[in-house]
Amino acid sequence: MSNSSSLNKFLLLAFADTRELQLLHFSLFLGIYLAALLANSLIITAIACDHRLHTPMYFFLLNLSLLDLGSISTTVPKSMANSLSNSRAISYWGCAAQVFLFVFFLPTEYSVLTVMAYDRYVAICKPLHYGTIMSSRACVKMAAAAWASGLLYALLHTANTFSIPLCQGNVVEQFFCEIPQILKLSCSDTYLRELGVVVISACLGFGCFVFIVLSYVQIFTVVLRIPSEQGRHKAFSMCLPHLAVVSLFISTVMFAYLKPPSLSSAVLDLVVAVLYAVVPPTVNPLIYSMRNKELKDALKKLVQ
């Protein structure tokens, strides 16, 4: 295989080699996938149908659930299908599509989480101006900017990755097509170009991270000055779910991409990928609905 044009398929990493374990993997992933589908769909429907939830906070939560649905649907169904059919293959274009979609959903979700931090900051630190700053027009613009930047980012990354000649075989050491694993198959120094894109994204990612941290420093400064304990409790319960989701997202992605190479092994890479690609989309709806009375009421009404 001299270059990527003669590649017509890639081989993904299988979770297991015996039939029993393959079926176990299929059942586990099916359970997780159905749970994620159900939980996120319920949140989307509840927010869309209940007019009391037509506020900026829930508008962004609806965006987050859509992105979670997208990201888990990009990786998990193909892996399940492969386990069921005892195959490891994914077509060249199927792989390119996975890279594109995954790199679209993940950064867009990070952007939406950043905007949500800003929303919490305005709600707590500038409550009198909340309606003006977070008008429905402003919210739509922010969400559109998050989705558009994700799209641009995905186009850039995918075009860059798949224009690199690949000659180190076609085995991707991961259960879905992931850029770092595809770059390992390259046979030239053109990966430096992709490295450039990675550095730019790391800087942007760090910028968002700093923005979120600074927002929360100001939020907590204001919250701790609230005289009534009930007021403090209410403010904290507004912020804690978002903070938990952000921490889960950032810690799993950072561990996946910034862990030292000496720690790398096929099994660990697999576990880490499941942690950052499969766990957050499944757990996020639970984190958001656990302590949220308005959302719980809307969900109850929906189920009844």
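Quick reminder: no glycine exception, Cβ is built from N, Cα and C everywhere.
Per TrEMBL, the feature transmembrane segment maps to 23-45 (among others).
Under the heading domain 'G-protein coupled receptors family 1 profile', TrEMBL lists 39-288.
With a cut-off of 8 Å between Cβ atoms, the residues of this chain six or more beyond the transmembrane segment (57-76) that come close are 29, 32-33, 36-37, 40-41, 43-44, 47-48, 98, 101-102, 104-106, 108-109, 112-113, 115-116, 119-120, 123, 136, 139, 143, 146-147, 175-176, 238, 245, 277-278, 280-282, 284-285, 288, 295. Annotation comment: TrEMBL describes 57-76 (among others) as transmembrane segment.
Annotation source TrEMBL lists transmembrane segment at 96-118 (among others).
Summarising the annotation, TrEMBL assigns transmembrane segment to 138-156 (among others). When Cβ-Cβ distances below 8 Å are used as the criterion, the transmembrane segment (138-156) is approached by residues 56, 59-60, 63, 100-101, 103-105, 107-108, 111-112, 114-115, 118, 197, 201 of the same chain, each at least six residues removed from its ends.
TrEMBL lists 195-223 (among others) with the feature transmembrane segment.
Below 8 angstroms of C-beta separation, residues 57, 64, 106, 109-110, 113, 116-117, 120, 123-124, 180, 209, 212, 216, 219, 222-223, 226, 272-273, 275-276, 279-280, 283-284, 287-288, 290-292 of the same chain, each at least six residues beyond the ends of the transmembrane segment (235-258), sit close to that stretch. Residues or ranges marked as transmembrane segment by TrEMBL: 235-258 (among others).
Per TrEMBL, transmembrane segment is recorded for 270-290 (among others). Same-chain residues lying 6+ beyond the ends of the transmembrane segment (270-290) with a Cβ under 8 Å from its Cβ atoms: 13, 15, 29, 32, 35-36, 39-40, 42-43, 61, 64-65, 68-69, 71-72, 75-76, 102, 174-176, 178, 241, 244-245, 248-249, 252-253, 255-256, 259, 296, 299.
On the 0 to 100 pLDDT scale, the domain 'G-protein coupled receptors family 1 profile' (39-288) averages 90 in the predicted structure.
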